[in-house]
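K.L.:
Have a look at the structure that comes next, please.
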Amino acid sequence: MFRTKRSALVRRLWRSRAPGGEDEEEGAGGGGGGGELRGEGATDSRAHGAGGGGPGRAGCCLGKAVRGAKGHHHPHPPAAGAGAAGGAEADLKALTHSVLKKLKERQLELLLQAVESRGGTRTACLLLPGRLDCRLGPGAPAGAQPAQPPSSYSLPLLLCKVFRWPDLRHSSEVKRLCCCESYGKINPELVCCNPHHLSRLCELESPPPPYSRYPMDFLKPTADCPDAVPSSAETGGTNYLAPGGLSDSQLLLEPGDRSHWCVVAYWEEKTRVGRLYCVQEPSLDIFYDLPQGNGFCLGQLNSDNKSQLVQKVRSKIGCGIQLTREVDGVWVYNRSSYPIFIKSATLDNPDSRTLLVHKVFPGFSIKAFDYEKAYSLQRPNDHEFMQQPWTGFTVQISFVKGWGQCYTRQFISSCPCWLEVIFNSR
């Protein structure tokens, strides 16, 4: 019997599904193929791993590094055994095949291209009806029923669960990327189902309380931290001073054109490599090696650093990160195959004297900077504050290697490859 191209594409897609459970690579998203899959309007039933963490949470150097990789939670009670897990896998396979068999050949090819590229290549949107009838396809076992009886499934959620994060349970755990046609649209008739046009959301382990007007002293450079160089020194003249209050004219990045909303500096240990990169477009890819890459290519910068560790980390940057300015702030999406580490004044408790370093796994997004919170952290009437650079509009990002209290590196200037992102006022 001859096999059609469509059936071959379906089998190839199923073989490309994300591994689950113990087979999963670190940071890729796991937790087994079973479990409930709720639609957009269903109640949130996220399962959290041991230690109070969850698959969508961001680990930090002072807390538990909760991984979206290893599936420590169990969709079924342990007493259910392998039989229940196998049944859930069979249900998922039957449902996925019933969906894929309804797609046109061109749609299958587009989906396969996105899945096999793992997000490294820009792929088109896969526009499909957003919801799917919950009844299983003809390949389902006799009498098989879904684990939960919602009226319909979210199709983007199903494809993300199959091809990216097997432990995914609810639409509130993912965020659509701004490059997608469905970004910002509410309940469109057709929605993009390309699994690499969505990212997994990082949740802080404990949300910060309301921000006070006159908060923390740790935003000032301190004499007892010689390696914690303030941003004005690190970026060669970039300065943030706020004498007498807040205004656009007082928060300057560099003289001249103010059309850019941030500048990016790339560092290898204590040495800045290349020039400052001014960002004007709403979205910027920062990468070392990216097929069809368009943005800030770190691989093209001339570096004299011969350290084996620096060269090793540099080779792991790969697709890097995506920096996006959106309505609610600035988001960072980890496109690489390794974790990144982020420190930002707007991510943490303003009453703390130490900023946490947040670990962001591959495929995850985090809102790294919030303009309104940054404004509230300034002290315009503080005479001492007026005399020193203020670093609240700066975010630091390290590739692969972390720093802070739980690491041998106490300061980011000891990290092999890292970025300093300095934001303009809007």
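Each Cβ is built from the backbone N, Cα and C atoms, and glycine gets one as well.
So Swiss-Prot lists the following for this protein:
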BINDING   C125, C180, C192, H197  Zn(2+) binding site
CROSSLNK  K64  ubiquitin cross-link
CROSSLNK  K70  ubiquitin cross-link
DOMAIN    64-207  domain 'MH1'
MOD_RES   K64  N6-acetyllysine
MOD_RES   K70  N6-acetyllysine
MOD_RES   S249  phosphoserine
REGION    208-217  region 'Important for interaction with SMURF2'
MOTIF     208-211  motif 'PY-motif'
K.L.:
What other residues of the same chain, not counting C125, C180, C192, H197, have a CB atom within 8 A of the CB centroid of the Zn(2+) site?
P.N.:
L126, L127, R176, L177, C179, E181, S182, Y183, C193, N194, L198
K.L.:
Only counting partners 6 or more residues apart, tell me which same-chain residues put their Cβ under 8 Å from the Cβ of C180 (Zn(2+) binding site).
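P.N.:
Within the chain, C180 (Zn(2+) binding site) has Cβ neighbours under 8 Å at C125, C192, N194, H197, L198.
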K.L.:
Calculate the per-residue pLDDT averaged over the motif 'PY-motif' (208-211) and state the result as an integer.
P.N.:
41
K.L.:
Specify the count of other C-beta atoms within 10 Å of the C-beta of C192 (Zn(2+) binding site).
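P.N.:
Looking across every protein chain shown, the total is 23.
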K.L.:
Give the three-state DSSP assignment (helix, strand or coil) for C192 (Zn(2+) binding site).
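P.N.:
Where C192 (Zn(2+) binding site) sits, the three-state DSSP reduction gives strand.
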K.L.:
Tell me the Cβ neighbour count for H197 (Zn(2+) binding site), meaning other Cβ atoms within 10 Å of its Cβ, over all protein chains shown.
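P.N.:
Taking every protein chain into account, the count is 23.
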K.L.:
Using a 10 Å radius around its CB, how many other CB atoms surround C125 (Zn(2+) binding site)?
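P.N.:
Counting Cβ neighbours of C125 (Zn(2+) binding site) within 10 Å gives 18.
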